[in-house]
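Take a look at the structure set out below.
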Amino acid sequence: MQIQQIEGGFGAQDARIALVVSRFNDFIGQKLVEGAIDCIRRNGGSEENIAIYRCPGAFELPMVAKKVALTGKYDAVVTLGAIIRGSTPHFDVIAAEATKGIAQASLETGVPIAFGVLTTENIEQAIERAGTKAGNKGFDAALTAIEMINLYRAM
């Protein structure tokens, strides 16, 4: 008997994808949105199947992503934002809670929720990951969502 291998592909032709974006550090968030939309387009997706939801900050991303996922309108959700370390422990709390909350929302809803939230030590690292030296993590998160949509469809 041959082992069956199931994988998701990268076609986004009929994929309905919601982007949930933190407005805090918006100049980074907007670059991540541009990267995500570019990825969806390059993989055959269309703008009419993309919706963008904006929330105040990274702490709110999990609850908005969960609510969006529960609408049943989308095949996947992509969370985008930037949490940049400051001089207080606030970074650690927000980064941990956003990460945990997004994972929990995906598990509870059964809808793939991709993590495209930057957690960086400084603004330079965030800029690098939003479309310069280190690529665009919004693009990467959208690609993860597309692959997960196709994997779910193959199950």
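All positions are counted from 1 along the displayed chain.
Cβ atoms here come from the backbone N, Cα and C positions, even for glycine.
Other Cβ atoms within 10 Å of the Cβ of Phe59 (5-amino-6-(D-ribitylamino)uracil binding site), summed over all protein chains shown, number 19. The feature 5-amino-6-(D-ribitylamino)uracil binding site is assigned by Swiss-Prot to Phe24, Ala58, Phe59, Glu60, Ala82, Ile83, Ile84, Phe115.
Taking Cβ-Cβ distances under 8 Å and a sequence separation of 6 or more, the neighbours of Arg129 ((2S)-2-hydroxy-3-oxobutyl phosphate binding site) in its chain are Leu118, Thr120, Gly135, Asn136, Lys137. According to Swiss-Prot, the (2S)-2-hydroxy-3-oxobutyl phosphate binding site annotation covers Ser87, Thr88, Arg129.
According to Swiss-Prot, the feature active site, proton donor maps to His90. Long-range neighbours of His90 (active site, proton donor) (same chain, six or more residues apart, CB within less than 8 Å of its CB): none.
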Spatial separation of Phe59 (5-amino-6-(D-ribitylamino)uracil binding site) from Ser87 ((2S)-2-hydroxy-3-oxobutyl phosphate binding site) - C-alpha basis, Å: 18
Cα-to-Cα gap, Glu60 (5-amino-6-(D-ribitylamino)uracil binding site) vs Thr88 ((2S)-2-hydroxy-3-oxobutyl phosphate binding site), nearest whole Å: 20
Inter-residue C-alpha distance, Phe59 (5-amino-6-(D-ribitylamino)uracil binding site) and Thr88 ((2S)-2-hydroxy-3-oxobutyl phosphate binding site) (nearest angstrom): 16
Three-state secondary structure, which DSSP defines for Phe24 (5-amino-6-(D-ribitylamino)uracil binding site): coil
Three-state secondary structure, which DSSP defines for Glu60 (5-amino-6-(D-ribitylamino)uracil binding site): helix
Listed in sequence order, residues with CB under 8 A of Phe115 (5-amino-6-(D-ribitylamino)uracil binding site) and six or more positions away: Thr79, Thr99, Ile102, Ala103, Ala141, Thr144
